[in-house]
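What follows is a single structure, written as structure tokens, with notes after it.
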Amino acid sequence: MDTKKEIKNNNFICQIINKDLNENKNLSFYTRFPPEPNGYLHIGHAKSICLNFELASLYKGRCNLRFDDTNPLKENIKYIKSIKYDINWLGYKWHGNVRYASEYFLKLYQYAQELIKKGLAYVDHLTKEQIREYRGTLNTPGKNSPYRNRTIQENIELFEKMKKGDFSEGEACLRAKINMSSSSIIMRDPVLYRIIFIKHHQTQNKWCIYPMYDFAHCLSDSIEGITHSLCTLEFQDNKFLYNWILKNTSVKHYPKQYEFSRLNLEFSILSKRKIKILIDKNIIEGWDDPRIPTLSALRRKGYTPSSIKNFCQKIGVTKQNNLIEFSMLEHCIRKELNQTAIRTMAILDPIKIFLYNLDSNYKEEFIVPNHPNNPEMGTHKIIFTNTIYIDRSDFKEKYDKKYKRLKLGEKIRLRYSYIIHAEKIEKDEYGNISNIICYCDLNTLGRKPKDNKNPAVIHWISEKNTLSAEFKLYDQLFNIKNPEQQENFLLYINSKSLIKKFGFIEKKIGEEIQKKISNNNIEIFFQFERIGYFCIDFIDSKKNQLVFNRTVGLRDTWDSKKIKTKNITNN
């Protein structure tokens with residue numbers, strides 16, 4: 001896949017950039033990825049990361065990583081570390097050093113003073129609730145604060161008192177003086193600064209007033225020389241304030257903001273607030289639970305950087321909000337793992353088979369391919385003995401004409417091996433089948449049986465070639481396509497989103513994994529034949545108990561001939 005070519009051909013933002021570069025030959029493309037360090041990155045952030053960094057590469061420009069760290073109440077160093085790790089994991093490197101909006105706090109304070117001196121900002125003492133009430137609605141204009149017409153000198157002095165910590169939290173704020181009757185609610189005297197008494201992870205206790213996102217963002221873009229500030233559609237109205245602040249301060253550089261649709265994924269929730277509810281209620285294990293689309297969760301589930309970037313390329317960049325099929329994301333990783341995953345056999349729900357015509361010392365070795373279509377991936381050895389395991393779902397006691405696997409009185413072929421015939425079953429005290437007694441036809445290795453009818457094939461593992469393992473079978477967390485739109489999204493939790501199985505993998509394969517278990521950065525992927533694609537779960541695995549996460553099943557349901565999306569209002 002030529003990602004750059006795809007971007008250039010399909011991206012409407014490229015048309016804007018091409019026009020800008022043609023009109024100004026001296027212009028260098030300069031963008032940024034500006035996350036708030038208040039949570040973990042998800043698949044929606046990946047779309048923005050890929051867009052900004054790929055555009056910077058395409059136009060031989062630069063892409064900064066800047067943390068918009070203007071709210072110390074919600075921010076944490078652990079999020080900064082996680083975000084940097086995720087960006088590097090995706091294969092991108094930001095320009096120069098990591099930047100922080102907090103590096104510009106003094107300059108931002110000076111810009112705020114400029115607005116006050118121009119009569120374009122004032123210190124207000126209304127509470128949050130009163131500000132919301134005074135703001136009005138889409139149908140009714142707002143009304144002026146009683147503190148709106150203070151003198152410039154009074155506002156200068158009050159803002160300085162805010163900076164010195166003379167007011168308590170919520171007692172005062174700095175607001176832009178624009179138009180309380182504006183058709184755009186965001187322009188109705190928005191708050192520019194508020195008071196927060198808490199230690200900041202970068203500036204410590206130097207500041208107790210903090211700029212709002214809208215004030216800091218545009219000015220940080222200007223300070224860094226950003227040419228194209230790309231954001232999602234929910235910030236479309238914020239552009240009015242973005243441009244107003246730049247126009248009314250003494251900035252020397254004027255970046256331009258452009259909006260594209262955010263990524264909305266079927267059966268998924270991206271809201272940090274809602275994910276936290278799921279965690280607090282113990283519905284999911286944490287921010288890296290493979291049932292949610294954070295990057296750490298997708299990585300744990302077995303998604304690769306290239307599969308995520310391929311997905312972001314396929315969905316493209318538009319101005320229309322759509323609900324993207326989850327099967328498209330699965331298609332991207334399935335297509336990759338089909339080429340790269342080692343083939344091996346695993347038994348998730350074991351049932352024992354005793355081959356009565358083979359003695360207890362019988363042992364035969366088979367050399368099998370690690371990949372049927374790629375000899376360069378090598379081979380591995382499996383052993384065949386008189387006692388083996390098959391999956392419980394591959395046997396049926398009662399006759400069923402439509403059932404094509406092993407049945408009592410019928411035959412089946414073992415993968416890479418012989419045809420066996422089920423003759424008798426043994427049950428435990430609870431009535432569950434504990435053993436299947438079978439006859440092994442040793443004349444059928446690579447040959448048809450005497451009746452010339454080839455039976456179906458099932459996978460198996462010799463009892464002497466097993467290593468116990470846990471298997472986590474993940475499904476969608478929600479049973480409706482758009483849980484984000486539901487007021488009570490908890491009503492739509494899929495109770496079968498995680499099923500745990502305990503069985504076996506091939507011993508030699510397992511022993512190789514155990515040697516690497518201490519290195520969490522090693523990615524190991526398998527196709528468990530006839531089951532699906534799995535990866536090792538380095539978080540839950542121990543040396544004496546391996547845990548595998550199902551990345552995706554074998555069956556592809558996405559129609560690659562067209563990009564299927566649904567209007568976001570549809571469920």
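Just so you know, glycine gets a Cβ as well, placed from its N, Cα and C.
Taken straight from Swiss-Prot:
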- 35-45: motif ''HIGH' region' (MOTIF)
- 36-38, 42-48, T232, 262-263, 270-272: ATP binding site (BINDING)
- D68, Y213: L-glutamine binding site (BINDING)
- 269-273: motif ''KMSKS' region' (MOTIF)
DSSP three-state assignment for K47 (ATP binding site): helix
Integer mean pLDDT for the motif ''HIGH' region' (35-45): 97
Composition by DSSP (helix, strand, coil) of residues within the motif ''KMSKS' region' (269-273): 2 helix, 0 strand, 3 coil
For Y213 (L-glutamine binding site), the three-state class that DSSP assigns: helix
Cα proximity to Y213 (L-glutamine binding site), best match among binding-site residues E36, N38, H45: E36
Candidates E36, H45, K47 (binding-site residues) - the one closest to D68 (L-glutamine binding site) by CA: E36
CB within-chain contacts under 8 A for E36 (ATP binding site), separation at least 6: F67, D68, D69, T70, N71, K74, E75, Y213
